[in-house]
Structures are given as structure tokens and as C-alpha cells.
Amino acid sequence: MALTQGPLTFRDVAIEFSQEEWKSLDPVQKALYWDVMLENYRNLVFLGILPKCMTKELPPIGNSNTGEKCQTVTLERHECYDVENFYLREIQKNLQDLEFQWKDGEINYKEVPMTYKNNLNGKRGQHSQEDVENKCIENQLTLSFQSRLTELQKFQTEGKIYECNQSEKTVNNSSLVSPLQRILPSVQTNISKKYENEFLQLSLPTQLEKTHIREKPYMCKGCGKAFRVSSSLINHQMVHTTEKPYKCNECGKAFHRGSLLTIHQIVHTRGKPYQCGVCGKIFRQNSDLVNHRRSHTGEKPYKCNECGKSFSQSYNLAIHQRIHTGEKPYKCNECGKTFKQGSCLTTHQIIHTGEKPYQCDICGKVFRQNSNLVNHQRIHTGEKPYKCNICGKSFSQSSNLATHQTVHSGNKPYKCDECGKTFKRSSSLTTHQIIHTGEKPYTCDVCDKVFSQRSQLARHQRSHTGEKPYKCNECGKVFSQTSHLVGHRRIHTGEKPYKCDKCGKAFKQGSLLTRHKIIHTREKRYQCGECGKVFSENSCLVRHLRIHTGEQPYKCNVCGKVFNYSGNLSIHKRIHTGEKPFQCNECGTVFRNYSCLARHLRIHTGQKPYKCNVCGKVFNDSGNLSNHKRIHTGEKPFQCNECGKVFSYYSCLARHRKIHTGEKPYKCNDCGKAYTQRSSLTKHLIIHTGEKPYNCNEFGGAFIQSSKLARYHRNPTGEKPHKCSHCGRTFSHITGLTYHQRRHTGEMPYKCIECGQVFNSTSNLARHRRIHTGEKPYKCNECGKVFRHQSTLARHRSIHTGEKPYVCNECGKAFRVRSILVNHQKMHTGDKPYKCNECGKAFIERSKLVYHQRNHTGEKPYKCIECGKAFGRFSCLNKHQMIHSGEKPYKCNECGKSFISRSGLTKHQTKHTAESLKTKFNVEKPLDVLLTSGFK
């Protein structure tokens, strides 16, 4: 589809002839020329593109020998915007003088008569009536301007008409020059010749004639434009159908009408005498060559007095000055919106018609303007013809280059009158000003959401359609926005073009650099009204407020799960699709989002850039550092709406909520077991597969969990370099030593809010809290019994299997749990590291010391809800509560009798043992038999 690009001027559609060329045309061609040029002018005026200059020359008519007079008509409008001058020039050979008269509304004007071989350059009313002589011209030339009355009134109130500059217009000695009424839009010029002794009269039509002229019975259904004759309507409709049946054999250009093709073909038959010495381009007029040369020289002779900006063309300066004056002379009849340029109005009017005639051949996308199509096609071709002379960066659009160059210059000429903020582009200023007005004229048809910019609406609509037209050539990933594709490509290239002036850190995106700079300035302007927390960006505050409101506006279409951030929803959807687009080059592990890959890469590098200012602990992720700091501050911003419990982390709150809902969304397909967390399901699945997906390429080990791989990477040899100065025990990690030393020092920094009990680690505190919440997330598959701790469940499972893997080397006794073996071994060594400060009694286990100390303090923190009785140990409370519930979980296999405690069952089972011995040895005292026989 051959369509023109850019704003159209009258020069683009005008064909000019020299005297020799004009003589070579036959009368039919001359008549055709007049008709076409007049029609072109009408069309330009209708589109709001007012030509700078239009010249019509009527060649000499007749022969002076036969009594006919030769005459030439020239209509010209100068470039100045507030003055439009038209001139009539008539060459006279046999006349002595001339009187000239025209009407302007109800006022008559007369010009001074002119004698033969004299010039007349007059203004309206400049000459007196006495100067007018009685002898008149033999022929009459009448120009009738047909227009609407409202348009006539509009033009009559504007400006003034003044004489032609003689330095620009050369007039023959035997010619008359006089300003005429300006030509109005939709003008029609009727030229007639009479051989009578009358004044030369230029008149406007009467009101009756205007009524008759306005009748246009043929209307276009596409745009509503009306025509007087049906042939004009047929020609016009080709604009909508884009049909161009008339094609030039020379260059292939197509036209709606045959007459336009005829005029166009003259271009090929005549020369272009003005050639550029730099690039060889040729032009028909010298003025065009002069303007073109400025593109090579960079000359910008037209300077703005307000801001000093320079331009190569005067009309560009005139348009620019409207920024300062605020003038917007072009108004849309549909919505009343005004524009600085007629071309902008033309572009805007397509919004109302919905017409998008320009289509991309590759992806089928349609556009309102050809320039937009050309820019769009560069996405497919990758063409970037505009290069920055300073840094060499290339761009697909000249506007992007202009915007980029302001980075080097720092120039921000566009200032907001409301708040004083400055911008590099006028479009950015226009967008910014909507913040003050609050205007959001663009509405989504699907969800009725409103936007301040059309581009924002277009981006939003892709969330409904799912359209992702921008594809990465490296990995095939698709995106809904070009900016996302550009940012994504930097993952492959490693490019980080945005550098911080303060610390030198580089970023892939400008927005990340802006966010980073706030670290140096510490500027946080947006404060939360609920908790007082401040943020550097309003978007961060909006996201934070959802924590308090519980708003989760983003819903998964597959499982119905809701999220408070759109990014979280996008990552969640990959669970259903199985997509893991981010792969580690070191070990081949794949991830659903880039942040997980970035964190994982630090396992290989060992990098931990985030350090706690309080305790010096380092982290490989900023989120982990933020979470860690809450240990010191005690901050718990996440509260459960059901029970009011508060949490330090949102993940803990989400996990806790499932206690109330009973939700277990993660189900094993093999055995049907369900879990509240996906990580728990992942760990469980390894039981069935036996898979160890986390491989160490350095030392060859394989692990079930990534955390174990990370732990192994930190200490692959199993070395324990960290030694306790109190007891000599060694640890592989400093954290293990830190927790251990608290046993000696008695430091317990973690306190339970419910009962005040203190603990030396967060994990112990977390386990303890389940006592108050009643949470028992670990269930036995064999008997259905639930437990608060995973270790307790593991210990319980050995009851069913009978497995006792931990054997004492001293006495050979076996145990189900390693911790019990450790405590047992202290009986052989006599080691009792936990000593009571009150009475000096020592204990093997710290828990025994804690229980013992309650004898001195009288503390009984565990209280029965039923009867109010308090206990020093939780196990005692458990046993007591069975009295109220009637539960007896320990059953004797011999007689079926049940007991509240294991000790009660053990005591009971000795009765059966004694009875069997009594029967076997037939004695009354089986204990004596046991002592003498040694249990044989």
C-alpha cells in the first residue's frame, strides 16, 4: 500500500510550469490543470492544511490585433499567518486607465485609477474618490467567492490586508496590482470575460446565492462529508476504500482519479534543475534546495526569543512559539479539543472515526498514521537508523534520539506552571499536567478502568486479551510491552547502561537507578497512615497499604488464588504452566523468576552483599536482611484478621491463615497427601521419586533440598573450624556455634509474647508458639496422630516401624532419636553441664534444669483451660487434660486396657510379665526368679 508519510503541503500537490512548458499544453490540458489545482486546494483547506502560497496564472487570451485584450490572473497568499494577500495583475496594451472596485460585507472600496505604463500599489481607502476617472476597461473579470456566511464573518474580523513587497514581486510597467479579498475554505472561483464598458468588479455572492450554493445532496456514509455532484462523492469514497486504480507506469505511484495521474505524469516529463552538491538530491525550486542544505550544514537561522531554541524552518519556529503563547488555533468539532498544529488535529480526528488504514504485513497490526506503521515495522526489522554522536547509541525513532540527547545536555525546557517541575519533552509535560487536572479520558470497555493516556489504555487492554506481540530472539520469551522486551534483552547481553554517580553501581533499567539513588538521598516522601512507615515511591506505598486492607485484586484464572501484586500472579501462573525460563549456567537449575536465579547464583559465588548493622550477619538477599532486622526491632506488621495474632513475615501469616481455613492446596498425585505449602509437597515428592535434583558440580554431591546444597557449598569437606571456648565442641558454621554458646551464657533473646518464656533460637520459639495456637501440622500416615514438631513425628514413626537406629557404644542400648542417645551417653560420661544456681544440682539436659528451677521459683506457666489448674511442665498439663477429655491413647496389647500415659501402660505391663513368670516357674515370687536366672 503506497501511502504518503508526514504532513501534506500545497507544494506537494502543486505542479508549476515555465512559460515554454505552458505553451506546449493544449487547451484541454490547461483546463484540466485549472480544475485539478482548484480541487487540490479545496481538499487541503478541508483538512485544515492551509497552503503557504498559491499562484494561478491565466495565460494570455486572444489577440490584440483583433480587439481582444490579453490578461493574466495571479492569486497568491504569503507565508505570514495573520495576513493573506491576493493580487490581480492584468497586462494592458491599448487602455489608458482603470477603475477597480470590490465589496467587503456592506462596505465598498475603490482603488485609484491607473494610467498606461504606471504602477499602482495601494491600500484600501488610501486614494480619494476624486482620483477615479470615468474611462473604464472594456472587459470585465469577475471572481465570485462562494462560502458559508459564518466563515465569511470569521475572516472579516481577522488582521488587515496590505500591499505586496516590491522587492519580492516584480511587476511590469503596464500592470495593475491591488489586494483582493482573501480566499475562504471550500472556495470556488468563477472566471468570466465580458466586452462591455463597466467597472472591473470583484464581488461576494448575495445571501440568496449562498443558500443555493450550500446545497450538497450527496453525503458520504463514512465521514459525513457532503458533495454537490455524485461524481465528486464517488471520487471521495475512494479515500475510505483505499482503492487507487490509476497507476503511473514510470514510478508505480497510484491515484484515486485519472486526472491526478495525468498531472503527476508531468513530473517525469520535466526537469529538476536544482541539485544538492552534497548528496545529489534534486529539487524543482531553489527555495527547496536552500531548505534541504540546512540538513547538511545544521544551520538553524530561526531562533525563539523566549527560550533560545533554534530551527531550520520558519514555520517550525512559528509552531514552537505556540508552546510559550499557549495558542491552539485548531479545534475539533466533535469534542472541542484544541491543537497547535493542523496536522495534529487531522490525526486526532481519526480517533472519532476509528479509522486505521495502515496495516503491518508481518503481524497484522493496524495504525492510524503511516509514520506509526513505519516506526512499528522497525520492531520486526530491528532497524535503528538514528545514532547518538556522543555515545554511539542507536534508536529506531528520531524522537527517541532527541530525548536521549537531553541526557547528555541535561536540558529540560518544558516547565509545569502548577508545581514548577521541568521536563525534557513537551509530551511529558502534557502527561504530567493531567496529574493536576485529574483528567482520565480513556476508558477500558471490559472493566471500565480509566486512564489519563491512550498508551496506558492500550497496554492495559493486553491484560484482558493476553496479547504479547514482542518476542525475544534469544530465548523466545514474549512480552506485552516493548519496554519489557528491551529490559529483558539486557539479561542476555549483560548490559547495564544506567550508572549511579555516587557509588558507581550499574543497573539494567533507568527506573532501578532512580529507585537506587533514594538510598543516597534517603528521601522518603510517602507515609503510611496505618503504621507510619515511609516509602520513597507512591507505588510502593500503594502496595504496602494492601497489607493492612488485605486487598488482593489479582486472581488466578486456573485455581482462583488471589494476590496483592500482579508480579506475584505472573510468577504463580508458571506453577500451572510449568514454565521455568531462567536457567543457571553453572549447574543447570531452572527457576520461575529471575530473582530466584539471582539469589541462586550467589550460592556459586558465595556473595553476601547485605549486612546487618546490629549483629554483623550477612545475607545473599535483601529480603532476608529485612526479615532478619525484625528480630532486633521486634516489628510484626502482619496481623491475622481471625485471631489477631501478629507475625514478622507475610509468609508466616499466609501459613497461619491455613490453620483457620484448613486449606491444603498442594496435593501429591501419588498418595493423595495434601500440604499447606508447596515446599512441603516438593520435599514429600522426593520420597516417591528418590530424586536429588540439587547437584554440586564442584565436589559431586547430590542433595534433596537447595538449602542443603548451599550448606554443603559453604563447607564441602565437612570441616568444623568453629570451636566453643567453654566445652571444646566444634561446629561447621558460625551460626551453630552462636546458638550453642547461648547454652553456656544463658542468653535467651527470643521471648514468647503469650507466656513470656524465652528461647535461645527463633526455631525453638516458633515451635513453642504452637502450644498456644494449638497448631499441629505434622500428621502420621499410619495412625493419623498429629504433632507440633517434625522431630516428634519422626520419633513417633519409629514406634510403628520398631526402628532404633541410634546405638550406644558403651552399653549397646538402641534409641529411636539421636537426641535421646546424646542424653543417654552423658550417663556414662557423667557429664552434667547444666547446673542450678540456687542449689548447685546439675543436669544432663537443659530442659531438666528449666523444669527444676521452677521448683525454686514456683512458676507454673501451663494452665488448664477446663479447671484452671497450673503445671510446671507441659507434659503434666497434657496428662491432666486427658482426665477431662477421657482420652487414653496407650493401649495394652495383652488385655486391651487403655491408659493416659506411657508410664501407666509400662507399669501395667509388668503385671502381665509377672503373671507369665509365675506360670512358667510355678513360684509365688517371680522377682527372685528374675534375679537368679538373669532373664533367661
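For all residues, glycine too, the Cβ spot is worked out from N, Cα and C.
Worth saying up front: this structure is predicted, and the values here are computed from it rather than measured.
Across the domain 'KRAB' (8-83), the prediction's mean pLDDT works out to 52. Per Swiss-Prot, domain 'KRAB' is recorded for 8-83, and the stated evidence type is sequence analysis.
Feature annotation from Swiss-Prot assigns zinc finger to 218-240 (among others); the stated evidence is sequence analysis. Across the range of the zinc finger (218-240), the DSSP-based residue counts are 11 helix, 4 strand, 8 coil.
What Swiss-Prot lists as zinc finger is 246-268 (among others).
The zinc finger feature in Swiss-Prot is assigned to 330-352 (among others); the stated evidence is sequence analysis.
Positions annotated as zinc finger by Swiss-Prot: 386-408 (among others). Same-chain residues lying 6+ beyond the ends of the zinc finger (386-408) with a Cβ under 8 Å from its Cβ atoms: 375, 378-379, 424-425, 497.
Residues or ranges marked as zinc finger by Swiss-Prot: 442-464 (among others).
Summarising the annotation, Swiss-Prot assigns zinc finger to 470-492 (among others) and lists sequence analysis as the type of evidence.
Sequence-distant contacts of the zinc finger (498-520), counting only residues of its own chain at least 6 positions beyond either end whose CB sits under 8 Å from a CB of the stretch, comprise 487, 490-491, 536-537. According to Swiss-Prot, the zinc finger annotation covers 498-520 (among others), on the basis of sequence analysis.
The helix, strand and coil residue counts that DSSP assigns across the zinc finger (638-660) are 11 helix, 4 strand, 8 coil. According to Swiss-Prot, the feature zinc finger maps to 638-660 (among others).
Per Swiss-Prot, zinc finger is recorded for 722-744 (among others), and the stated evidence type is sequence analysis.
If you look up Swiss-Prot, you'll see 778-800 (among others) marked as zinc finger. Tertiary neighbourhood of the zinc finger (778-800): same-chain residues 673, 767, 770-771, 816-817, 819, 889, selected by CB-CB distance under 8 Å and a gap of 6+ residues from either end.
Swiss-Prot lists 834-856 (among others) with the feature zinc finger, giving sequence analysis as the kind of evidence.
Residues or ranges marked as zinc finger by Swiss-Prot on the basis of sequence analysis: 890-912 (among others).
The zinc finger (470-492) makes no contact with the zinc finger (890-912), as judged by fewer than three Cβ pairs under 8 Å among residues 6 or more apart in sequence.
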